[in-house]
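Novice: Relevant sequence annotations retrieved from TrEMBL are reproduced here:
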type    : residues       : note
BINDING : H15, D18, H147 : Zn(2+) binding site
Amino acid sequence: MTELPARRLLLVHAHPDDESINNGATMARYAAEGARVTLVTCTLGERGEVIPPESRHLTGTALGEYRLRELTAAMSELGVDDFRLLGGPGRFRDSGMMGLADNDDPDCFWQADVDAAAGHLVEVIREVRPQVLVTYDDHGGYGHPDHIQAHRVAMRAVELAAESGHEIPKVYWNRVPRSVAEEAFARLERELPGLPFTKAAAIDDVPGVVDDARITTEIDGTAYAAAKAAAMRAHATQITVAEPYFALSNDLAQPVLTSEYYELVRGERAAGRETDLFAGIAGIVGAARTAGTASDGSGEAS
Ligand SMILES: [Zn+2]
């Protein structure tokens, strides 16, 4: 077995594109710094609505295969070479939006047995031995069944892995501070007339918005804004990008956030607002220094 890098980050997402929207800058940063970044995506998003007219003939399995290629391109933009589908490609199918008959499909992720699905993730955890896991909150950020299920499966896998001797020191949920969302949407409203989108989304359309007090960690992704935008653009069936804004198939504009925010929900928080997901984990600081990272010099400016 080859030796693992000192820092190992695991992200659990529902569909191809969620990782780039939520964590693109974070993934690019840690990959560039030599950390092992592993993405586990739970479904191929076979029920996603397709934006470009020339691709709208793609549905079901064909769309899933196409979206896997988009995901591959996005990971190349972020410099991430370890990305996997939970249980293998096509094992769990996209469940579609809440309340639709799609959710009754026995092969859909929403119908999956949580322990069984978590077992696939535990295998990855045992192999990669991450110190940090990132996923959604218990509402899946915004209520999509696959996002809620991804949360349940990830959190169950954390428990099961701990029982089998692999404790993950820090677990985070994706968040957006309300003040950041409000400021970005105010700017969006002013700039909307010059943008290729008809309307702005509402703040409540943004997954994971919470009061600022709940934010434990801010990753400044300014240096990786271009990589994040490129990764989002790679998911062309799902996302239209006009930097620094984007829209999903509903054509409602949203800001592309280059600083990404997290709430630590398991593990010990370092002092103040963390600027590194690995902050405080034993043995990590020295490892980061020997890897030659420059970003640790920013000190306590937050
Ligand atoms: Zn999704």
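Here the Cβ of each residue, glycine as well, is placed from N, Cα and C on the backbone.
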Novice: Quick check: in three-state DSSP terms, what is H15 (Zn(2+) binding site)?
Specialist: coil
Novice: Same chain, not part of H15, D18, H147: whose C-beta falls within 8 angstroms of the C-beta centre of the Zn(2+) site? Give them in sequence order.
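Specialist: So the additional residues around the site are H13, A14, D17, T41, C42, G45, Y136, G140, H144, D146, A150.
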Novice: Let me check the 10 A CB neighbour count of D18 (Zn(2+) binding site). How many other CB atoms are there?
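Specialist: The answer is 27.
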Novice: Sorted by position, what residues of the same chain at least six away from H15 (Zn(2+) binding site) have a C-beta under 8 A from it?
Specialist: T41, C42, T43, L44, G45, G48, R67, D94, D146
